[in-house]
Amino acid sequence: MTRFPEDLEARLRAAAPAGIDFSAATDSHGVTSAWVALADKDELKAVGEVMARLGARLSLITGSQTPPPPEVEDEEEEEAEEGETAEAAEKPVPMTFGGTPMDGTAYEITYSFDLVGDTVTVIAYAPQGGSVESLTSLFRTADWPEREIMETYNLRIENHPDPRRLFLDKSIEPAVMERLIPFSTLTNASSTTALWEKVMESAKAKEASES
Amino acid sequence: MSSAVTTPGKSVGKSNYTIPVGPLHVALEEPMYFRIDVSGETVNAVEINAGHVHRGIEYLATKRSLNQNIVLTERICSLCSNSHPEAFAMAAETIAGLTVPERGQYLRVIAGEVKRLASNLFNVAILTHLVGYESMFMHIMQVRETAQDIKEGVFGNRMDLGAMCIGGVRYDLDEETIGILTAGLDKIEPEVAEIVKTFKTNGSILRRTKEIGVLAKEDAIACGVVGPVARGSGVDYDVRREAPYHVYDRMPLEVRTFDDGDVWSRAMIRLHEAQNAIAIIRSCLKELPGGAVNLGTKLDIPPGHAVAKAEAPRGELIYYLKTNDTEQPERLKWRVPTFMNWDALGLMLRNAKVADIAIIVNSIDPCISCTER
(Lines of atoms letter the chains of each structure in order from A; the text may use other names.)
(Lines give C-alpha, C1' and ligand atoms only; values in the text may rest on other atoms or scores of the structure.)
Protein backbone atom coordinates (compact mmCIF):
# COMPACT_ATOMS: atom_id res chain seq x y z
CA MET A 1 0.00 0.00 0.00
CA THR A 2 1.68 3.15 -1.15
CA ARG A 3 1.12 6.51 0.47
CA PHE A 4 1.85 8.45 -2.71
CA PRO A 5 -1.01 10.35 -4.28
CA GLU A 6 -2.35 8.21 -7.12
CA ASP A 7 -1.49 10.77 -9.75
CA LEU A 8 2.09 11.35 -8.55
CA GLU A 9 3.61 10.19 -11.83
CA ALA A 10 1.19 12.35 -13.85
CA ARG A 11 1.94 15.40 -11.70
CA LEU A 12 5.69 14.90 -12.14
CA ARG A 13 5.29 14.43 -15.89
CA ALA A 14 3.31 17.66 -16.10
CA ALA A 15 6.09 19.49 -14.22
CA ALA A 16 8.81 18.04 -16.44
CA PRO A 17 7.60 18.19 -20.06
CA ALA A 18 11.01 17.10 -21.39
CA GLY A 19 10.28 13.68 -19.91
CA ILE A 20 10.92 11.53 -16.87
CA ASP A 21 11.89 7.93 -16.37
CA PHE A 22 9.62 6.76 -13.55
CA SER A 23 9.81 3.48 -11.66
CA ALA A 24 8.50 2.38 -8.29
CA ALA A 25 8.71 -0.72 -6.15
CA THR A 26 6.99 -1.65 -2.89
CA ASP A 27 8.73 -3.93 -0.37
CA SER A 28 7.24 -6.65 1.83
CA HIS A 29 6.50 -4.10 4.58
CA GLY A 30 4.47 -1.96 2.16
CA VAL A 31 7.09 0.77 1.91
CA THR A 32 7.39 2.24 -1.59
CA SER A 33 10.53 3.62 -3.17
CA ALA A 34 10.18 5.52 -6.43
CA TRP A 35 12.91 6.72 -8.80
CA VAL A 36 12.41 9.66 -11.12
CA ALA A 37 15.18 10.42 -13.63
CA LEU A 38 14.85 13.80 -15.31
CA ALA A 39 15.61 14.18 -19.01
CA ASP A 40 16.27 17.90 -18.50
CA LYS A 41 17.98 19.04 -15.31
CA ASP A 42 16.49 22.52 -15.73
CA GLU A 43 13.10 21.07 -14.83
CA LEU A 44 14.37 20.13 -11.37
CA LYS A 45 12.92 23.18 -9.68
CA ALA A 46 9.44 22.55 -11.12
CA VAL A 47 9.58 18.95 -9.90
CA GLY A 48 10.77 20.25 -6.51
CA GLU A 49 7.72 22.52 -6.40
CA VAL A 50 5.43 19.52 -6.96
CA MET A 51 7.10 17.70 -4.06
CA ALA A 52 6.89 20.80 -1.83
CA ARG A 53 3.15 21.12 -2.55
CA LEU A 54 2.72 17.47 -1.52
CA GLY A 55 4.34 18.28 1.82
CA ALA A 56 7.37 16.10 1.16
CA ARG A 57 10.52 16.42 3.24
CA LEU A 58 13.79 16.65 1.33
CA SER A 59 15.88 14.22 3.34
CA LEU A 60 19.03 13.59 1.31
CA ILE A 61 20.96 15.05 -1.61
CA THR A 62 23.80 13.07 -3.13
CA GLY A 63 26.25 14.28 -5.72
CA SER A 64 28.17 11.65 -7.64
CA GLN A 65 30.17 10.98 -10.77
CA THR A 66 29.71 7.78 -12.71
CA PRO A 67 33.14 6.43 -13.63
CA PRO A 68 33.98 6.28 -17.35
CA PRO A 69 33.15 3.09 -19.23
CA PRO A 70 35.95 0.53 -18.87
CA GLU A 71 38.74 1.04 -21.38
CA VAL A 72 39.74 -2.22 -22.94
CA GLU A 73 43.11 -1.20 -24.33
CA ASP A 74 44.42 1.27 -21.85
CA GLU A 75 47.88 1.89 -23.23
CA GLU A 76 46.90 2.34 -26.84
CA GLU A 77 44.17 4.69 -25.81
CA GLU A 78 46.67 7.09 -24.24
CA GLU A 79 48.78 7.20 -27.38
CA ALA A 80 45.75 7.74 -29.54
CA GLU A 81 44.77 10.81 -27.55
CA GLU A 82 47.74 12.74 -28.93
CA GLY A 83 47.31 12.34 -32.64
CA GLU A 84 44.18 10.49 -33.58
CA THR A 85 41.53 12.40 -31.71
CA ALA A 86 38.96 11.78 -34.41
CA GLU A 87 39.16 8.05 -33.88
CA ALA A 88 38.86 8.39 -30.10
CA ALA A 89 35.78 10.54 -30.46
CA GLU A 90 34.06 7.87 -32.47
CA LYS A 91 33.89 5.50 -29.50
CA PRO A 92 30.30 5.48 -28.29
CA VAL A 93 29.84 7.04 -24.87
CA PRO A 94 26.90 5.74 -22.83
CA MET A 95 24.15 8.30 -22.50
CA THR A 96 21.74 8.83 -19.67
CA PHE A 97 18.05 8.99 -20.19
CA GLY A 98 17.78 12.51 -21.60
CA GLY A 99 21.16 12.42 -23.34
CA THR A 100 23.84 13.54 -20.88
CA PRO A 101 27.01 11.69 -21.91
CA MET A 102 28.29 9.57 -19.03
CA ASP A 103 31.94 9.95 -19.92
CA GLY A 104 33.21 9.82 -16.36
CA THR A 105 33.04 13.55 -15.78
CA ALA A 106 29.28 14.19 -15.79
CA TYR A 107 27.41 14.46 -12.51
CA GLU A 108 24.45 12.58 -11.18
CA ILE A 109 22.63 14.46 -8.42
CA THR A 110 19.96 12.56 -6.52
CA TYR A 111 17.33 14.18 -4.33
CA SER A 112 15.54 11.83 -1.93
CA PHE A 113 12.17 13.04 -0.68
CA ASP A 114 10.23 11.49 2.16
CA LEU A 115 6.44 11.23 1.87
CA VAL A 116 5.14 9.78 5.17
CA GLY A 117 7.73 7.03 5.08
CA ASP A 118 7.79 6.40 1.34
CA THR A 119 10.72 7.66 -0.70
CA VAL A 120 10.83 9.49 -4.03
CA THR A 121 14.33 9.93 -5.42
CA VAL A 122 14.67 12.46 -8.23
CA ILE A 123 17.81 12.18 -10.37
CA ALA A 124 19.24 15.09 -12.35
CA TYR A 125 22.26 14.83 -14.66
CA ALA A 126 24.64 17.70 -15.36
CA PRO A 127 27.75 17.83 -17.54
CA GLN A 128 31.22 18.59 -16.15
CA GLY A 129 31.46 22.19 -14.93
CA GLY A 130 27.69 22.53 -15.30
CA SER A 131 25.13 23.68 -12.82
CA VAL A 132 21.79 22.81 -11.26
CA GLU A 133 19.24 25.10 -9.68
CA SER A 134 19.26 25.40 -5.88
CA LEU A 135 16.25 23.98 -4.05
CA THR A 136 17.02 25.87 -0.83
CA SER A 137 14.24 28.38 -1.51
CA LEU A 138 11.76 25.48 -1.49
CA PHE A 139 13.39 23.27 1.14
CA ARG A 140 15.47 24.65 3.99
CA THR A 141 17.08 21.24 4.30
CA ALA A 142 18.77 21.67 0.88
CA ASP A 143 21.05 24.42 2.20
CA TRP A 144 23.89 22.41 3.76
CA PRO A 145 23.84 19.44 1.33
CA GLU A 146 24.10 21.85 -1.62
CA ARG A 147 27.01 23.65 0.00
CA GLU A 148 28.67 20.29 0.53
CA ILE A 149 28.22 19.36 -3.14
CA MET A 150 29.72 22.69 -4.21
CA GLU A 151 32.87 22.10 -2.16
CA THR A 152 33.34 18.45 -3.15
CA TYR A 153 32.54 18.63 -6.90
CA ASN A 154 33.17 21.05 -9.72
CA LEU A 155 29.43 21.62 -9.95
CA ARG A 156 27.70 24.95 -9.49
CA ILE A 157 24.45 25.32 -7.59
CA GLU A 158 22.65 28.33 -9.07
CA ASN A 159 21.00 30.88 -6.77
CA HIS A 160 22.15 29.34 -3.51
CA PRO A 161 21.56 31.94 -0.77
CA ASP A 162 24.81 31.21 1.08
CA PRO A 163 27.38 29.52 -1.19
CA ARG A 164 30.25 29.50 1.33
CA ARG A 165 32.39 26.49 2.14
CA LEU A 166 30.73 24.20 4.69
CA PHE A 167 33.23 21.67 6.05
CA LEU A 168 36.37 22.18 4.00
CA ASP A 169 38.65 25.12 4.65
CA LYS A 170 39.11 27.75 1.94
CA SER A 171 42.76 26.70 1.59
CA ILE A 172 41.76 23.25 0.32
CA GLU A 173 41.48 22.96 -3.46
CA PRO A 174 37.91 22.41 -4.63
CA ALA A 175 36.39 19.24 -6.14
CA VAL A 176 38.04 16.86 -3.66
CA MET A 177 35.81 13.98 -4.74
CA GLU A 178 37.10 14.29 -8.29
CA ARG A 179 40.77 13.90 -7.43
CA LEU A 180 42.80 10.89 -6.44
CA ILE A 181 43.91 11.54 -2.88
CA PRO A 182 46.52 9.12 -1.52
CA PHE A 183 45.45 7.41 1.68
CA SER A 184 48.45 8.81 3.58
CA THR A 185 47.43 12.35 2.63
CA LEU A 186 43.79 11.69 3.48
CA THR A 187 44.54 10.43 6.97
CA ASN A 188 47.26 12.96 7.72
CA ALA A 189 44.82 15.83 8.17
CA SER A 190 45.92 16.69 11.69
CA SER A 191 49.65 17.11 11.11
CA THR A 192 51.14 20.47 10.21
CA THR A 193 54.45 21.79 9.01
CA ALA A 194 54.75 24.08 12.05
CA LEU A 195 57.52 22.03 13.67
CA TRP A 196 59.70 21.92 10.54
CA GLU A 197 59.17 25.62 9.93
CA LYS A 198 60.51 26.30 13.43
CA VAL A 199 63.51 24.05 12.85
CA MET A 200 64.28 25.74 9.54
CA GLU A 201 63.90 29.19 11.06
CA SER A 202 66.24 28.47 13.94
CA ALA A 203 68.74 26.92 11.52
CA LYS A 204 68.61 30.05 9.37
CA ALA A 205 69.01 32.28 12.42
CA LYS A 206 72.01 30.23 13.52
CA GLU A 207 73.55 30.47 10.06
CA ALA A 208 73.00 34.23 9.99
CA SER A 209 74.61 34.73 13.39
CA GLU A 210 77.64 32.65 12.40
CA SER A 211 78.36 34.46 9.13
CA MET B 1 15.73 47.83 19.67
CA SER B 2 12.10 48.83 20.03
CA SER B 3 12.70 51.95 22.04
CA ALA B 4 12.53 55.24 20.13
CA VAL B 5 15.33 56.79 22.16
CA THR B 6 17.83 54.12 21.16
CA THR B 7 20.53 55.58 18.98
CA PRO B 8 21.53 53.23 16.20
CA GLY B 9 24.87 51.60 16.86
CA LYS B 10 24.79 52.52 20.51
CA SER B 11 23.57 50.15 23.19
CA VAL B 12 21.65 51.47 26.12
CA GLY B 13 22.35 49.79 29.43
CA LYS B 14 23.36 46.55 27.77
CA SER B 15 26.60 45.56 26.11
CA ASN B 16 26.79 43.67 22.87
CA TYR B 17 29.50 41.05 22.67
CA THR B 18 30.51 38.23 20.43
CA ILE B 19 31.49 35.20 22.42
CA PRO B 20 33.15 32.12 20.99
CA VAL B 21 31.99 28.70 22.15
CA GLY B 22 34.26 25.92 20.98
CA PRO B 23 35.77 24.36 18.97
CA LEU B 24 37.04 22.86 22.21
CA HIS B 25 34.70 23.51 25.09
CA VAL B 26 33.83 21.81 28.35
CA ALA B 27 30.18 21.40 27.34
CA LEU B 28 30.98 19.81 23.99
CA GLU B 29 32.22 16.27 23.59
CA GLU B 30 33.33 16.96 20.07
CA PRO B 31 34.66 20.06 18.30
CA MET B 32 32.23 22.60 16.83
CA TYR B 33 32.66 26.36 16.77
CA PHE B 34 29.78 28.68 17.63
CA ARG B 35 30.10 32.42 17.22
CA ILE B 36 27.43 33.78 19.47
CA ASP B 37 26.34 37.42 19.42
CA VAL B 38 24.92 38.37 22.76
CA SER B 39 23.25 41.44 24.07
CA GLY B 40 23.81 41.38 27.81
CA GLU B 41 22.77 37.90 28.87
CA THR B 42 20.65 37.18 25.81
CA VAL B 43 21.66 35.44 22.59
CA ASN B 44 20.96 37.45 19.42
CA ALA B 45 22.43 35.32 16.71
CA VAL B 46 24.49 32.18 16.30
CA GLU B 47 26.89 31.33 13.54
CA ILE B 48 28.08 27.76 13.26
CA ASN B 49 31.49 26.97 11.83
CA ALA B 50 31.92 23.28 11.07
CA GLY B 51 34.62 21.08 9.63
CA HIS B 52 36.95 20.40 12.55
CA VAL B 53 36.55 16.62 12.36
CA HIS B 54 35.94 16.19 8.64
CA ARG B 55 37.64 12.90 7.76
CA GLY B 56 36.64 12.25 4.15
CA ILE B 57 34.93 8.93 4.96
CA GLU B 58 32.60 9.17 1.95
CA TYR B 59 35.65 9.29 -0.31
CA LEU B 60 37.26 6.42 1.57
CA ALA B 61 34.08 4.33 1.29
CA THR B 62 34.34 4.30 -2.51
CA LYS B 63 37.83 2.75 -2.24
CA ARG B 64 36.69 -0.18 -0.09
CA SER B 65 34.65 -3.25 -0.88
CA LEU B 66 31.06 -3.52 0.30
CA ASN B 67 32.02 -5.90 3.11
CA GLN B 68 34.87 -3.65 4.25
CA ASN B 69 32.39 -0.79 4.34
CA ILE B 70 30.36 -2.61 7.01
CA VAL B 71 33.40 -2.15 9.25
CA LEU B 72 34.11 1.40 8.06
CA THR B 73 30.54 2.71 8.47
CA GLU B 74 30.37 1.38 12.02
CA ARG B 75 33.19 3.78 12.84
CA ILE B 76 31.45 6.94 11.59
CA CYS B 77 29.84 7.56 14.95
CA SER B 78 30.25 5.94 18.33
CA LEU B 79 26.78 6.35 19.85
CA CYS B 80 24.77 5.24 16.81
CA SER B 81 27.55 2.99 15.51
CA ASN B 82 25.13 0.10 15.01
CA SER B 83 22.66 2.05 12.86
CA HIS B 84 25.24 2.90 10.19
CA PRO B 85 26.14 -0.63 9.06
CA GLU B 86 22.47 -1.54 9.58
CA ALA B 87 21.15 1.03 7.08
CA PHE B 88 24.07 0.37 4.73
CA ALA B 89 23.37 -3.38 4.75
CA MET B 90 19.67 -2.69 4.16
CA ALA B 91 20.56 -0.66 1.05
CA ALA B 92 22.79 -3.45 -0.30
CA GLU B 93 20.08 -6.04 0.43
CA THR B 94 17.52 -3.93 -1.43
CA ILE B 95 19.76 -3.79 -4.51
CA ALA B 96 20.32 -7.56 -4.46
CA GLY B 97 16.72 -8.38 -3.50
CA LEU B 98 17.88 -10.33 -0.44
CA THR B 99 15.64 -11.16 2.50
CA VAL B 100 17.34 -11.47 5.86
CA PRO B 101 16.38 -14.68 7.74
CA GLU B 102 13.72 -14.10 10.38
CA ARG B 103 16.04 -14.77 13.31
CA GLY B 104 18.55 -12.32 11.86
CA GLN B 105 15.85 -9.64 11.69
CA TYR B 106 14.95 -10.11 15.36
CA LEU B 107 18.62 -9.98 16.32
CA ARG B 108 19.01 -6.76 14.34
CA VAL B 109 16.18 -5.19 16.31
CA ILE B 110 17.74 -6.32 19.61
CA ALA B 111 21.14 -4.82 18.71
CA GLY B 112 19.52 -1.55 17.63
CA GLU B 113 17.40 -1.19 20.74
CA VAL B 114 20.29 -1.98 23.12
CA LYS B 115 22.21 0.84 21.47
CA ARG B 116 19.19 3.17 21.74
CA LEU B 117 18.83 2.41 25.43
CA ALA B 118 22.48 3.20 26.18
CA SER B 119 22.63 6.24 23.89
CA ASN B 120 19.52 7.91 25.31
CA LEU B 121 20.63 7.32 28.90
CA PHE B 122 23.98 8.88 28.07
CA ASN B 123 22.32 12.02 26.72
CA VAL B 124 20.01 12.57 29.70
CA ALA B 125 22.98 11.92 32.02
CA ILE B 126 24.93 14.75 30.36
CA LEU B 127 21.83 16.95 30.70
CA THR B 128 21.76 16.46 34.49
CA HIS B 129 25.49 17.22 34.57
CA LEU B 130 24.93 20.50 32.71
CA VAL B 131 22.05 21.34 35.03
CA GLY B 132 24.49 20.94 37.88
CA TYR B 133 22.80 17.92 39.43
CA GLU B 134 26.01 15.92 39.72
CA SER B 135 24.76 13.10 41.91
CA MET B 136 22.01 12.40 39.36
CA PHE B 137 24.62 12.47 36.58
CA MET B 138 26.68 9.83 38.41
CA HIS B 139 23.57 7.77 39.00
CA ILE B 140 22.34 7.76 35.38
CA MET B 141 25.84 6.94 34.17
CA GLN B 142 25.84 4.00 36.55
CA VAL B 143 22.53 2.78 35.12
CA ARG B 144 23.91 3.24 31.63
CA GLU B 145 26.95 1.25 32.72
CA THR B 146 24.64 -1.77 33.06
CA ALA B 147 23.67 -1.24 29.41
CA GLN B 148 27.40 -1.17 28.60
CA ASP B 149 27.78 -4.46 30.48
CA ILE B 150 25.03 -5.94 28.32
CA LYS B 151 26.86 -4.85 25.18
CA GLU B 152 30.15 -6.25 26.44
CA GLY B 153 28.57 -9.50 27.61
CA VAL B 154 26.47 -10.15 24.53
CA PHE B 155 28.46 -8.57 21.70
CA GLY B 156 31.97 -8.47 23.18
CA ASN B 157 32.37 -4.71 22.77
CA ARG B 158 31.24 -1.69 24.74
CA MET B 159 30.63 0.67 21.81
CA ASP B 160 30.96 -0.85 18.33
CA LEU B 161 28.86 -3.99 18.49
CA GLY B 162 30.11 -5.46 15.20
CA ALA B 163 26.68 -7.06 14.94
CA MET B 164 25.69 -6.28 11.35
CA CYS B 165 26.64 -7.86 8.07
CA ILE B 166 25.09 -7.79 4.62
CA GLY B 167 22.37 -10.43 4.74
CA GLY B 168 21.87 -10.53 8.50
CA VAL B 169 23.89 -10.36 11.69
CA ARG B 170 27.24 -11.70 12.83
CA TYR B 171 26.21 -12.66 16.35
CA ASP B 172 23.78 -15.09 17.86
CA LEU B 173 22.12 -15.39 21.23
CA ASP B 174 22.32 -18.50 23.35
CA GLU B 175 21.06 -19.29 26.84
CA GLU B 176 24.01 -17.60 28.51
CA THR B 177 23.84 -14.33 26.54
CA ILE B 178 20.04 -14.20 26.82
CA GLY B 179 20.61 -14.52 30.58
CA ILE B 180 23.03 -11.57 30.58
CA LEU B 181 20.57 -9.54 28.50
CA THR B 182 17.49 -10.22 30.66
CA ALA B 183 19.38 -9.76 33.93
CA GLY B 184 20.66 -6.41 32.68
CA LEU B 185 17.22 -5.25 31.54
CA ASP B 186 15.69 -6.34 34.87
CA LYS B 187 18.22 -4.14 36.60
CA ILE B 188 17.80 -1.13 34.30
CA GLU B 189 14.01 -1.08 33.98
CA PRO B 190 13.07 0.04 37.53
CA GLU B 191 15.98 2.49 37.54
CA VAL B 192 14.78 4.21 34.37
CA ALA B 193 11.26 4.44 35.85
CA GLU B 194 12.80 6.24 38.86
CA ILE B 195 14.77 8.59 36.56
CA VAL B 196 11.55 9.45 34.71
CA LYS B 197 9.88 10.24 38.04
CA THR B 198 12.77 12.51 39.01
CA PHE B 199 12.61 14.32 35.67
CA LYS B 200 8.90 14.97 36.23
CA THR B 201 9.24 16.31 39.76
CA ASN B 202 12.74 17.59 40.50
CA GLY B 203 12.85 21.40 40.70
CA SER B 204 16.49 21.71 39.62
CA ILE B 205 15.81 19.81 36.41
CA LEU B 206 12.44 21.43 35.69
CA ARG B 207 13.67 25.00 36.25
CA ARG B 208 16.56 24.58 33.83
CA THR B 209 14.76 22.62 31.09
CA LYS B 210 11.09 23.68 30.91
CA GLU B 211 10.40 26.32 28.25
CA ILE B 212 14.11 26.43 27.43
CA GLY B 213 15.39 26.12 23.85
CA VAL B 214 11.91 25.97 22.33
CA LEU B 215 11.56 24.73 18.74
CA ALA B 216 8.06 25.38 17.38
CA LYS B 217 6.37 22.66 15.33
CA GLU B 218 6.37 24.75 12.10
CA ASP B 219 10.11 25.36 12.52
CA ALA B 220 10.72 21.67 13.22
CA ILE B 221 8.95 20.78 9.96
CA ALA B 222 10.75 23.51 7.99
CA CYS B 223 14.16 22.43 9.29
CA GLY B 224 13.31 18.81 8.53
CA VAL B 225 14.44 17.62 11.98
CA VAL B 226 13.94 13.97 12.90
CA GLY B 227 14.03 11.72 15.94
CA PRO B 228 13.48 12.90 19.53
CA VAL B 229 14.01 16.54 18.51
CA ALA B 230 11.11 16.32 16.02
CA ARG B 231 8.88 14.31 18.35
CA GLY B 232 9.58 16.73 21.20
CA SER B 233 8.16 19.47 18.94
CA GLY B 234 5.01 17.54 18.03
CA VAL B 235 6.16 16.04 14.72
CA ASP B 236 4.73 12.53 14.84
CA TYR B 237 7.30 10.65 12.76
CA ASP B 238 9.31 7.55 13.52
CA VAL B 239 10.90 5.49 10.73
CA ARG B 240 10.15 2.28 12.68
CA ARG B 241 6.44 2.99 12.29
CA GLU B 242 6.24 5.06 9.06
CA ALA B 243 8.58 2.89 7.00
CA PRO B 244 8.79 -0.35 9.00
CA TYR B 245 11.83 -2.57 8.52
CA HIS B 246 13.07 -5.82 10.07
CA VAL B 247 10.23 -6.93 12.36
CA TYR B 248 9.30 -3.55 13.86
CA ASP B 249 5.74 -3.91 12.59
CA ARG B 250 5.30 -6.77 15.11
CA MET B 251 6.87 -4.93 18.03
CA PRO B 252 5.14 -3.09 20.88
CA LEU B 253 6.46 0.19 19.49
CA GLU B 254 5.09 3.33 21.12
CA VAL B 255 5.76 6.63 19.39
CA ARG B 256 5.21 9.50 21.79
CA THR B 257 5.19 13.21 21.02
CA PHE B 258 5.20 16.40 23.08
CA ASP B 259 3.96 19.77 21.88
CA ASP B 260 6.17 22.08 23.97
CA GLY B 261 9.35 21.64 21.92
CA ASP B 262 11.59 22.47 24.89
CA VAL B 263 14.69 20.78 26.34
CA TRP B 264 12.54 18.91 28.87
CA SER B 265 10.26 17.45 26.16
CA ARG B 266 13.24 16.14 24.20
CA ALA B 267 14.70 14.54 27.33
CA MET B 268 11.35 12.94 28.22
CA ILE B 269 11.04 11.50 24.69
CA ARG B 270 14.51 9.96 25.05
CA LEU B 271 13.67 8.47 28.43
CA HIS B 272 10.41 7.07 27.12
CA GLU B 273 12.19 5.56 24.13
CA ALA B 274 14.72 3.96 26.48
CA GLN B 275 11.80 2.35 28.33
CA ASN B 276 10.15 1.33 25.09
CA ALA B 277 13.46 -0.17 23.89
CA ILE B 278 13.40 -2.49 26.91
CA ALA B 279 9.83 -3.59 26.04
CA ILE B 280 10.85 -4.20 22.41
CA ILE B 281 13.90 -6.28 23.37
CA ARG B 282 11.76 -8.38 25.75
CA SER B 283 9.21 -8.93 23.00
CA CYS B 284 11.99 -10.00 20.61
CA LEU B 285 13.35 -12.48 23.13
CA LYS B 286 9.88 -13.93 23.66
CA GLU B 287 9.19 -14.41 19.95
CA LEU B 288 12.76 -15.17 18.80
CA PRO B 289 12.48 -17.84 16.10
CA GLY B 290 15.18 -20.39 15.33
CA GLY B 291 17.11 -20.74 12.11
CA ALA B 292 19.99 -18.98 10.42
CA VAL B 293 21.12 -15.52 11.47
CA ASN B 294 22.48 -14.48 8.06
CA LEU B 295 22.68 -15.52 4.44
CA GLY B 296 26.32 -16.57 4.49
CA THR B 297 29.35 -14.76 3.14
CA LYS B 298 29.17 -15.40 -0.60
CA LEU B 299 26.63 -12.77 -1.57
CA ASP B 300 26.50 -11.16 -4.97
CA ILE B 301 25.42 -7.53 -5.02
CA PRO B 302 24.58 -6.62 -8.63
CA PRO B 303 24.83 -3.09 -10.10
CA GLY B 304 21.98 -0.91 -8.94
CA HIS B 305 20.94 1.83 -6.57
CA ALA B 306 18.90 1.97 -3.38
CA VAL B 307 17.89 4.26 -0.54
CA ALA B 308 17.49 2.77 2.94
CA LYS B 309 16.28 4.36 6.17
CA ALA B 310 16.58 3.32 9.79
CA GLU B 311 15.65 4.96 13.07
CA ALA B 312 18.95 5.57 14.88
CA PRO B 313 18.82 6.73 18.53
CA ARG B 314 18.91 10.32 17.19
CA GLY B 315 16.33 9.80 14.46
CA GLU B 316 16.11 8.93 10.80
CA LEU B 317 19.39 7.80 9.28
CA ILE B 318 19.27 7.53 5.50
CA TYR B 319 21.72 5.77 3.18
CA TYR B 320 22.12 6.00 -0.58
CA LEU B 321 24.11 3.26 -2.24
CA LYS B 322 25.01 2.94 -5.90
CA THR B 323 26.86 -0.15 -7.02
CA ASN B 324 28.45 -1.13 -10.34
CA ASP B 325 30.39 -4.13 -11.63
CA THR B 326 33.26 -3.61 -9.20
CA GLU B 327 33.49 -4.71 -5.57
CA GLN B 328 33.58 -1.10 -4.38
CA PRO B 329 30.47 1.03 -4.20
CA GLU B 330 30.30 3.63 -6.95
CA ARG B 331 28.87 6.04 -4.40
CA LEU B 332 27.93 5.65 -0.77
CA LYS B 333 26.27 8.61 0.90
CA TRP B 334 24.45 8.98 4.16
CA ARG B 335 22.72 11.75 6.03
CA VAL B 336 22.72 11.54 9.80
CA PRO B 337 19.93 12.77 12.10
CA THR B 338 22.12 15.49 13.63
CA PHE B 339 22.68 17.08 10.22
CA MET B 340 19.45 19.13 10.25
CA ASN B 341 19.59 19.77 13.98
CA TRP B 342 22.33 22.38 13.59
CA ASP B 343 19.99 24.58 11.58
CA ALA B 344 17.25 24.07 14.19
CA LEU B 345 19.75 24.89 16.93
CA GLY B 346 19.98 28.45 15.63
CA LEU B 347 16.23 28.80 16.23
CA MET B 348 16.37 27.15 19.66
CA LEU B 349 19.16 29.47 20.81
CA ARG B 350 17.38 32.64 19.72
CA ASN B 351 16.78 34.84 22.79
CA ALA B 352 18.19 32.14 25.05
CA LYS B 353 20.25 33.03 28.10
CA VAL B 354 24.00 32.54 27.88
CA ALA B 355 23.86 30.12 30.81
CA ASP B 356 21.46 27.87 28.87
CA ILE B 357 23.58 27.57 25.70
CA ALA B 358 25.26 24.32 26.74
CA ILE B 359 21.98 22.76 27.88
CA ILE B 360 20.29 23.62 24.58
CA VAL B 361 23.22 22.38 22.48
CA ASN B 362 23.18 19.09 24.39
CA SER B 363 19.42 18.75 23.89
CA ILE B 364 19.85 18.03 20.17
CA ASP B 365 22.12 15.13 21.23
CA PRO B 366 24.77 16.45 18.86
CA CYS B 367 27.03 14.13 16.98
CA ILE B 368 29.71 16.05 15.15
CA SER B 369 31.83 13.22 13.78
CA CYS B 370 28.55 11.95 12.26
CA THR B 371 27.69 15.32 10.73
CA GLU B 372 31.04 15.95 9.09
CA ARG B 373 32.13 12.40 8.29
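Placement of Cβ uses the backbone N, Cα and C atoms for every residue, glycine included.
Any TrEMBL annotation is an automated prediction that lacks curation.
The Mg(2+) binding site annotation in TrEMBL covers B:GLU58. Summarising the annotation, TrEMBL assigns Ni(2+) binding site to B:CYS77, B:CYS80, B:CYS367. Feature annotation from TrEMBL assigns Fe cation binding site to B:CYS80, B:CYS370. According to TrEMBL, the domain 'NADH-quinone oxidoreductase subunit D' annotation covers B:131-294, B:299-373.
Proximity of B:CYS370 (Fe cation binding site) to non-local residues of its own chain (separation of 6 or more, Cβ distance below 8 Å) is seen for B:ILE76, B:CYS77, B:CYS80, B:VAL336, B:PRO337, B:THR338, B:PHE339, given in sequence order. Around the Cβ of B:CYS367 (Ni(2+) binding site), the same chain contributes B:GLU30, B:CYS77, B:LEU79, B:CYS80, B:ARG314, B:VAL336, B:PRO337, B:THR338, each under 8 angstroms and 6 or more positions distant in sequence. Annotation for B:GLU58 (Mg(2+) binding site): spatial neighbours B:LEU332, B:LYS333, B:ARG373, criterion Cβ-Cβ under 8 Å with sequence separation of six or more. The Ni(2+) site, placed at the center of the C-beta atoms of B:CYS77, B:CYS80, B:CYS367, has further neighbours from the same chain whose C-beta lies within 8 angstroms: B:ILE76, B:SER78, B:LEU79, B:SER81, B:SER83, B:HIS84, B:ALA312, B:PRO313, B:ARG314, B:VAL336, B:PRO337, B:THR338, B:SER369, B:CYS370.
In this view, B:CYS77 (Ni(2+) binding site) is surrounded by 27 other Cβ atoms within 10 Å of its Cβ, with every protein chain counted.
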